[in-house]
Amino acid sequence: MDITLLLTALILGIVEGLTEFLPVSSTGHLIILGDLLGYNDEASKVFKIVIQLAAILAVCWDYRERLIKVAVGVPSDRSAQRFVGLLLLGFLPAAVLGFLFHSTIKNVLFNPLVVATALVVGGLIILYVEKRAYHPRVTSVDEMRWGDALKVGFAQALAMIPGTSRSGATIMGGLIFGLSRKTAAEFSFFLAIPTMLAATVYDVYKNWTLLRVEDLPVFAVGFVASFFAAMWAVKSFIRFISNHTFVVFAWYRIVFGIVVLATWQFDLVSWSTP
């Protein structure tokens, strides 16, 4: 087994886990790093599905008590039914757009230059949102209205553009629509479960012929790295936003995006282009 490939899997797994639930775009980071590390062949498509699944399972594990309570209560508990309804409503816009444009978006927009541009634009939007007067109307997911979930769902649909960040779009959308920081972040985490599971199932369906037994050790390394990195990131992020704004993530996005664009402009790196 190629040690370099295993190390690449470890790096990408950690990056996926750390960035999946932060407003910095995990997909964008994987596209850029995959291109930089030369891991963008057919097998890499399946690998990215595997490490994304690991991140989903990590957030399920972190919130297992809440999720089990909801699952058990769905048949008879109105609050559990309402919670599931909020998630399904928030999931709907991305589901429809993903079904219609999934292949087009992946074929046309999944390249480092689009990602870098989206990182910068998204960072500027975060700075704008943070400068607005902030008076949260909703302080827990249970207080959310149906309209809140749908509006956050439309914000999530914007994140189909790589580099935008699904969590960034949903959290910033939540803040704009009156959710508290913690509520916006937690709803973003919960909303990730049906959204990412659906995307994972669809990607597996489209790419299952690319699965090879010899790739399993690489996938296993990436899966484990992503799972534990995501577990740590989710807990740390919730603690962080209790006392901080998202400005640091905005500047990180802007600087990272500008660096990638500069390396392309001055031919320092041969990035893949459409």
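Glycine too: its Cβ is placed from the backbone N, Cα and C atoms.
Tertiary neighbourhood of the transmembrane segment (3-23): same-chain residues 29-30, 33-34, 37, 39, 47-48, 51-52, 54-55, 58-59, 122, 126, 165, 167-168, 171-172, 188-189, 192, 217-219, 221-234, 237, 246, 249, 253, selected by CB-CB distance under 8 Å and a gap of 6+ residues from either end. Positions annotated as transmembrane segment by Swiss-Prot: 3-23 (among others).
Residues or ranges marked as transmembrane segment by Swiss-Prot on the basis of sequence analysis: 43-63 (among others). Distant neighbours of the transmembrane segment (43-63): 9, 12-13, 16-17, 20-21, 26, 30, 34, 189-190, 192-193, 196-197, 199-200, 203-204, 207, 210-212, 215, 218-219, 222-228, 230-231, 234-235; these residues of the same chain sit at least 6 beyond its ends, with a Cβ under 8 Å from one of its Cβ atoms.
For 83-103 (among others), the entry in Swiss-Prot reads transmembrane segment, with the evidence type sequence analysis.
Residues annotated as transmembrane segment in Swiss-Prot, with sequence analysis given as evidence: 108-128 (among others). Among residues of the same chain six or more beyond the transmembrane segment (108-128), those with a C-beta under 8 A of the stretch's C-beta atoms are 23-25, 27-28, 31-32, 35, 161-165, 168-169, 172, 246-247, 249-254, 256-258, 260-261, 264, 271-274.
What Swiss-Prot lists as transmembrane segment is 157-177 (among others).
Among the features that Swiss-Prot reports, transmembrane segment is placed at 184-204 (among others).
What Swiss-Prot lists as transmembrane segment is 218-238 (among others), and the listing cites sequence analysis.
According to Swiss-Prot, the transmembrane segment annotation covers 246-266 (among others).
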Recorded stretch, among 157-177, 184-204, 218-238, 246-266, maximising Cβ pairs under 8 Å relative to the transmembrane segment (83-103):
184-204
Cβ pairs under 8 Å only, please: of the recorded stretches 157-177, 184-204, 218-238, which one is richest in them relative to the transmembrane segment (246-266)?
157-177
